[in-house]
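Undergrad: My questions will all concern the structure given below.
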Amino acid sequence: GGYVANSLAIMTDALHMLTDLSGIILTLLALWLSAKSPTKRFTFGFHRLEVLSAIISVLLVYILMAFLLYEAVQRTIHMDYEINGDIMLITAAVGVAVNLIMGFLLNQSGHLHSHSHSHAHSHVPQPSSPSTAQGSSHGHSSHGHSSLAVRAAFVHALGDLVQSIGVLVAAYIIRFKPEYKIADPICTYVFSILVVFTTVRILCDTGVIILEGVPRHLNVDRIKEDLMKIEDVYSIEDLNVWSLTAGKTTAIVHLQLVPGSSSKWEDVQSKARQLLLNTFGMYKCSVQLQSYKQEMSKTCANCQSSSA
């Protein structure tokens with residue numbers, strides 16, 4: 001419709017819808033990939049494909065957006081374009097109608113899901129349910145927290161509705177006052193800012209995942225504190241936390257036991273696993289234990305420094 005009407009505003013609106021579509025496709029891809037079992041070559045499974053495709057889809061959106069912005073700038077400077085007001089108006093009206101239907105459907109299913117816990121939607125991870133927070137912050141939610149994802153999608157649909165109404169208003173102006181056709185490139189500028197805001201967060205999150213960073217909702221110091229509270233743990237030698245993909249966190253921890261308590265290692269291991277998997281909502285964790293060893297090298301260094 002935007003192409004036929006020669007309207008950049010409609011094309012940019014469509015581009016924003018494309019980002020949403022790619023988000024939905026990514027979620028489906030994530031569900032499909034998580035069902036695939038790891039192979040000999042890819043022992044972690046294929047979760048990272050989701051991250052890769054997220055980056056590719058965002059980059060594609062940026063390329064399209066750069067093209068539309070370039071066109072908008074050209075139009076603003078030269079003003080040598082004709083817009084078919086009727087087609088633009090019809091397309092914009094259909095856009096608003098579809099957004100209304102989408103918002104209504106999401107609102108309905110949100111109510112069905114969340115009568116019991118409609119007030120517990122916060123983006124702050126409660127200690128008991130970090131996976132809820134994950135679901136909301138990434139839009140990929142597990143089965144139990146689908147109402148959170150639906151709610152997020154509803155808020156998103158409202159944003160899209162506002163944008164579609166913006167296009168409709170621009171279409172009205174252009175249809176009945178063709179001399180104000182500058183409204184078309186102006187819409188493109190505004191929507192481009194919106195697209196950037198919605199995609200920057202995705203890029204940041206995927207960047208952290210690729211660089212093996214700790215997910216936003218977890219605090220390593222807090223995990224260390226809780227692990228040290230376990231009986232018979234003397235020290236934490238090493239702790240690595242990273243994500244396979246959004247919402248699938250993995251941890252490797254290496255603990256040293258208190259002197260003389262090496263017989264209780266199974267107890268310590270199960271408590272540590274319980275803490276990581278249940279309290280912090282890890283997807284996988286590996287707990288390595290060692291009996292107490294005095295650290296010779298450090299004491300030597302201390303002795304030398306004190307005698308010097």
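Please read every residue number as a count from 1 along the shown chain.
Positions of Cβ are set from backbone N, Cα and C atoms, glycine also.
Features from TrEMBL:
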- 1-211: domain 'Cation efflux protein transmembrane' (DOMAIN)
- 14-34: transmembrane segment (TRANSMEM)
- 54-73: transmembrane segment (TRANSMEM)
- 85-106: transmembrane segment (TRANSMEM)
- 114-144: region 'Disordered' (REGION)
- 123-144: compositional bias 'Low complexity' (COMPBIAS)
- 153-174: transmembrane segment (TRANSMEM)
- 186-203: transmembrane segment (TRANSMEM)
- 215-290: domain 'Cation efflux protein cytoplasmic' (DOMAIN)
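Mind mapping these onto the model and telling me what they sit next to?
TA: Long-range contacts of the transmembrane segment (54-73) within its own chain (CB-CB distance under 8 A, at least 6 residues past either end) are made by residues 8, 11-12, 15, 18-19, 22, 25-26, 184-185, 188-189, 192, 195-196, 199, 202-203, 206.
Taken together, the residues in the domain 'Cation efflux protein cytoplasmic' (215-290) have a mean pLDDT of 86 on the 0 to 100 scale.
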Undergrad: With a Cβ cut-off under 8 Å, give me the same-chain residues at least six positions beyond the ends of the transmembrane segment (14-34) that come close to it.
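TA: Beyond its ends, the transmembrane segment (14-34) has Cβ neighbours at 1-2, 45-47, 49-50, 53-54, 57-58, 60-61, 64-65, 68, 139-140, 156, 160, 163, 191, 194-195, 198-199, 245-246, 248.
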Undergrad: Residues sitting near the transmembrane segment (186-203): Cβ under 8 Å, six or more positions beyond its termini, same chain?
TA: 8-9, 11-13, 15-16, 19, 54-55, 58, 61-62, 65, 68-69, 71-72, 159, 163, 166-167, 170
Undergrad: What counts of helix, strand and coil residues does DSSP assign across the domain 'Cation efflux protein cytoplasmic' (215-290)?
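TA: Secondary-structure breakdown of the domain 'Cation efflux protein cytoplasmic' (215-290): 27 helix, 30 strand, 19 coil.
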